[in-house]
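Enquirer: Quick paste from TrEMBL:
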type    : residues               : note
REGION  : 1-27                   : region 'Disordered'
DOMAIN  : 28-133                 : domain 'Thiamine pyrophosphate enzyme N-terminal TPP-binding'
DOMAIN  : 225-342                : domain 'Thiamine pyrophosphate enzyme central'
DOMAIN  : 435-560                : domain 'Thiamine pyrophosphate enzyme TPP-binding'
BINDING : Asp466, Asn493, Gly495 : Mg(2+) binding site
Amino acid sequence: MEAGHKIGSSAHPTSLHPPVRGDASSGTLGRHLARRLVEIGVKDVFSVPGDFNLTLLDHLIAEPELNLVGCCNELNAGYAADGYARAKGVGACVVTFTVGGLSVLNAIAGAYSENLPVICIVGGPNSNDYGTNRILHHTIGLPDFSQELRCFQTITCAQAVVNNLDDAHELLDTAISTALKESKPVYISIGCNLPGIPHPTFARDPVPFFLAPKVSNQLGLEAAVEATANFLNKAVKPVLVGGPKLRVANAKDAFVELADACGYPIAVMPSGKGLVPEHHPHFIGTYWGAVSTSFCGEIVESADAYVFAGPIFNDYSSVGYSLLIKKDKAIIVQPNRVTIGNGPSFGWVFMADFLSALARKLKKNTTAVENYQRIFVPPGMPLKHGNDEPLRVNVLFKHIQDMLSKDSAVIAETGDSWFNCQKLHLPENCGYEFQMQYGSIGWSVGATLGYAQAAKDKRVIACIGDGSFQVTAQDISTMIRCGQKSIIFLINNGGYTIEVEIHDGPYNVIKNWNYTAFVDAIHNGEGKCWTAKVRTEDELIDAIAAATGEKKDSLCFIEVFAHKDDTSKELLEWGSRVSSANSRPPNPQ
């Protein structure tokens, strides 16, 4: 949600003479929360029922603009809220106390790592039970109800335990606005006996609240722009690199404005894919150290100045800490801070403001773009195969590339799909999502459900390995119930291939499933779902033709058989470097 955005939509009068705002005749906590979710842009809430949240769910269902999506488990409900927030800007899930809350915890931690505002709502104990010595079910058998809250405190930016109607209004509004301002998840627990009780603090139609815009420190902004312009205008072959925090900074447009103005080549960090326009004439690919797109790494690492907009440098994005970039040549632009070389650093300078202002101060310099064009050789095409030759993964992705358009979005599961999808060239406005900072296998099943529910105008193409799919497979069921039309490529290579390349062992081999039969069993004749098994390129071509043609209104599940050692070369290089970083011996003290 953009800073300064007025959050609100017209209220729904239930009579010809709607009550005046502030009339408490039927204002309840449940109705207030439901309206608040609609006001901030949530139209679908992902839930798993439990006895502590049932009354609250009644109130959410009663809101005509809110759709309750029941999921198979809480982990997937959380992943779905994560995927929804990526497409809509905010997501929400509702679970029950402790058994539900501790189950959704992993998904909320992932949303925190990716700066996604997810409103995680838990139906809590009856308000009368707080402060007593009673032992409740769904707890660990102690008369202390705070375990869940303590777990959530480390992975949310605000927590609200609502067990008293007098301050419920303030607690709810503060938590929701904090999620939007900080672009992080929040935890809200609501006593199970409170949602339906009228209270004077709840108007029938809540007054829309307003988020004050964040405004840069003007002197700091001017100083940062001047120092950066001096630094870059002296450089011979500067480059521009976009990172994952472009999203949380709402700075994608400002980044393009800067790229257009300065003429530098633009690259993207792997976790920022989808946030930088790949159709831009100066786009040179993914900067990922030793596993960068061909010729991109060389141009970035040989530059004498680089601007990193919203980077996250971790062991995965740095390929086991092996990036050949120097701090004294780098300008690091974070969502609210700019650091130039080894210093100075300017705080309370917001990225979008800074990039736009910098665009007006830089001299045009296309030297590095020209160098790139001079050395660039287009990638070779995969070899043509005989009719019955087993399908290779690089051939699969050649065909997925041809499927992409502005009407599609790619969801890449943790694993070799990271590397194969990274090489896809995204057309203008084609969506792209993956979870690189947290890297939780199985994330993509729930995220595909949530993203497709939010982005009705796009057909989602999900690339999921067999190992990851086994973690969260059952919410294919919810996709079918919701009438979704995603295309899922299940890459069956017999195990956890990404783990194999980091450190192999018998634990990386999994039990093979008949995946299409599994999905057919879930389908069970209700809703539209189509499955296919693919072993050769010809079968793949036929399956894609069906999925995009006669079966375009169905959920399409295509199981692709691949050899267990058929991996991208990038994964082989990356795996060995990450393995080396993981296995460093202790430093002598």
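Heads up, residue numbers simply count up from 1 along the chain you see.
Cβ coordinates come from backbone N, Cα and C, glycine included.
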Enquirer: Work out, from DSSP, the number of helix, strand and coil residues along the domain 'Thiamine pyrophosphate enzyme central' (225-342).
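Expert: Residue counts in helix, strand and coil order: 38 helix, 24 strand, 56 coil.
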Enquirer: I'd like the per-state residue tally for the domain 'Thiamine pyrophosphate enzyme TPP-binding' (435-560) from DSSP, helix first, then strand, then coil.
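Expert: The composition, in the requested order, is 58 helix, 27 strand, 41 coil.
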Enquirer: What is the pLDDT of the domain 'Thiamine pyrophosphate enzyme N-terminal TPP-binding' (28-133) when averaged and given as a whole number?
Expert: 96
Enquirer: Long-range neighbours only, meaning 6 or more apart in sequence with Cβ under 8 Å: which ones does Asn493 (Mg(2+) binding site) have?
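Expert: Those within reach of Asn493 (Mg(2+) binding site), by Cβ under 8 Å and sequence separation of 6 or more, are Val393, Asp416, Gly465, Asp466, Phe561, Ala562, His563, Lys564, Asp566.
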Enquirer: How do the residues of the domain 'Thiamine pyrophosphate enzyme N-terminal TPP-binding' (28-133) split into helix, strand and coil according to DSSP?
Expert: 51 helix, 22 strand, 33 coil
Enquirer: Validating a neighbour-count step here. Other CB atoms within 10 A of the CB of Asp466 (Mg(2+) binding site): how many?
Expert: 25
